[in-house]
Amino acid sequence: MSHSVKIYDTCIGCTQCVRACPTDVLEMVPWGGCKAAQIASAPRTEDCVGCKRCESACPTDFLSVRVYLGAETTRSMGLAY
């Protein structure tokens, strides 16, 4: 089953999510929006097993990385904050 991995611009570039991912779905890419000058990216979402370890590892108050599982993807993405 395919999962959707969304990286938000609240990412602080700490690499915690990248290190927590057991299937190497995430990687860091250059980005000028934070002091670390990098942001998480999810180029291999087809390898995501939906364990959400990346979410658990994220130290930001608003989770900067979110994994949406199957049917949850379309339902959750439509919510307004």
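Any Cβ shown, glycine's included, is placed from N, Cα and C.
Beyond the domain '4Fe-4S ferredoxin-type 1' (2-31), the same-chain residues lying 6 or more positions past its ends with a Cβ under 8 Å from any Cβ of the stretch are 37-51, 53-60, 62-70, 73, 77. Among the features that Swiss-Prot reports, domain '4Fe-4S ferredoxin-type 1' is placed at 2-31, with the record citing sequence analysis.
Residues within less than 8 Å, Cβ to Cβ, of CYS17 ([4Fe-4S] cluster 1 binding site) and separated from it by at least 6 positions along the same chain comprise LEU26, ALA40, CYS54, GLU55, ALA57, CYS58, SER64, VAL65. Taken from Swiss-Prot, the feature [4Fe-4S] cluster 1 binding site covers CYS11, CYS14, CYS17, CYS58.
According to DSSP, CYS54 ([4Fe-4S] cluster 2 binding site) is assigned to a helical segment. Annotation source Swiss-Prot lists [4Fe-4S] cluster 2 binding site at CYS21, CYS48, CYS51, CYS54.
Summarising the annotation, Swiss-Prot assigns domain '4Fe-4S ferredoxin-type 2' to 39-68.
Fewest other C-beta atoms within 10 Å: among the binding-site residues CYS11, CYS14, CYS21, CYS58, that description fits CYS14.
When Cβ-Cβ distances below 8 Å are used as the criterion, the domain '4Fe-4S ferredoxin-type 2' (39-68) is approached by residues 1-29, 31, 33, 76-77 of the same chain, each at least six residues removed from its ends. The binding-site residues CYS48, CYS51, CYS54 differ in how many other CB atoms lie within 10 Å of their CB, and the one with the most is CYS54.
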